Amino acid sequence: MPHRKKKPFIEKKKAVSFHLVHRSQRDPLAADETAPQRVLLPTQKVNDEERRAEQRKYGVFFDDDYDYLQHLKEPSGPAELIPSTSFATPLCDKTEDPCVYSSTGIKLPSSVFASEFEEDVGLLNKAAPVSGPRLDFDPDIVAALDDDFDFDDPENLLEDDFILQANKPTGGERMDTESEEDDGHEWEDMDDEEGSDDRSSAGFLSDGGDLSAPGSPQEAMKKHLFWEEETKSRFTEYSMTSSVMRRNEQLTLHDERFEKFYEQYDDVEIGALDNAELEGTIQVDSNRLQEVLNDYYKEKAENCVKLSTLEPFEDQDLPTNELDESEKEETITVVLEEAKEKWDCESICSTYSNLYNHPQLIKYEPKPKQIHLSSKTGIPLNVLPKKGLTAKQVERMQMINGSDLPKVSTQPRSKDETKEDKRARKQAIKEERKERRVEKKANKLAFKLEKRRQEKELLNLKKNIEGLKL
């Protein structure tokens, strides 16, 4: 019966492989709980030779199956979906659930594949809060979000006709007289130049209005002066109005505290520098000078010790009439200096100790005994406890006969041996020698008899062998 070739269950040439990956965050179905969160991604077959040739262009010469070109692509570059030539794209209809691959005829539901249309921004980026200051927000809105907005303040409440009030033109306020006197010269020249230009070009205003009238552009320019609005702080040297958030009461309180703190470091508040030579005079009858002298005398008095306190008078118990009149008592004041404490080397080295240096006395430690290893076993010698006799050794000791024991002639002679012991020892040696001679003679005779017997056997064996030959 001919062998039939079995049809394979999967044809590799027509098969389609998929990767199970997570659904993209830009996919609209990512937020749908009923849709599966993992989708099938068709694999793209790439020729190994073409891939390796492409890798060699970029200096990658590894001969393996790993795709190193995926690390050379720009992660932020534009990506395009290119259909593979090995399989056809799934032909799915919006109304039909199953998708059909034309090359293989595989029918799979559309929910297992990614959506055809994707959003520009993913779900995670949409839900992520915006960190940092938002310049596009109104300061009042920022204050309200930060719970700094005072809803009870009547000024913060809007009127019913706030739109009409906002559109109503308002007259500009005039500048202060002090600022006009300080900064008016710079604007006077500009007024003259601009006035002359206006008169020369268009003449006076038809309605007889003045350039400096309230609401005019000139007045508005003077109102919003840069040096009038900007206020620099001591600790930043930057404008306080340049802050992103509006300064509420708490932030203003912090600013004032920092201002007070940095006022202490102004040039006027800083005192004399270190190591500065201070010169001056002091009166002779000054109380401060008297206190210094009293302290000096007290220190000297503490160092001085009277002789009477050191050596009491020996004859103080004698009556006064027994004392020699010729002898006169003389009081001598002896100044004794305190004995200086003598430090040893260890104490002196201890004064040099710090966080990293800890000096101490160097102790002499004897050199440890060298360990010798056994040449046979490699085990350290004289370390393990000595073992006793084994069972075999004990059995052999019990099997020893009297003949195996050492003879008297081989035993060492004692130095404290007496004449009787010497005589007995010599007699025992003679008997041992006599026994040895008898034993030796018997052994010789036994060897001779054995030799004769073996010679006879050899002779008979030779004769028998010769008789058997044909």
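Every residue gets a Cβ built from N, Cα and C, even glycine.
When you go through S76, S200, S206, S243 in Swiss-Prot, the residue listed as phosphoserine is S243. Local packing around the modified residues S17, S24 was summarised as the count of other Cβ atoms within 10 Å of each Cβ; on this measure the leading residue is S24. Each residue of the compositional bias 'Basic and acidic residues' (413-437) gets a DSSP state, and the totals for helix, strand and coil are 19 helix, 0 strand, 6 coil. Across the structure, S17 (phosphoserine) and S24 (phosphoserine) are spaced 20 Å apart at their Cα atoms. Secondary structure counts, DSSP: the region 'Disordered' (25-53) has 10 helix, 5 strand, 14 coil.
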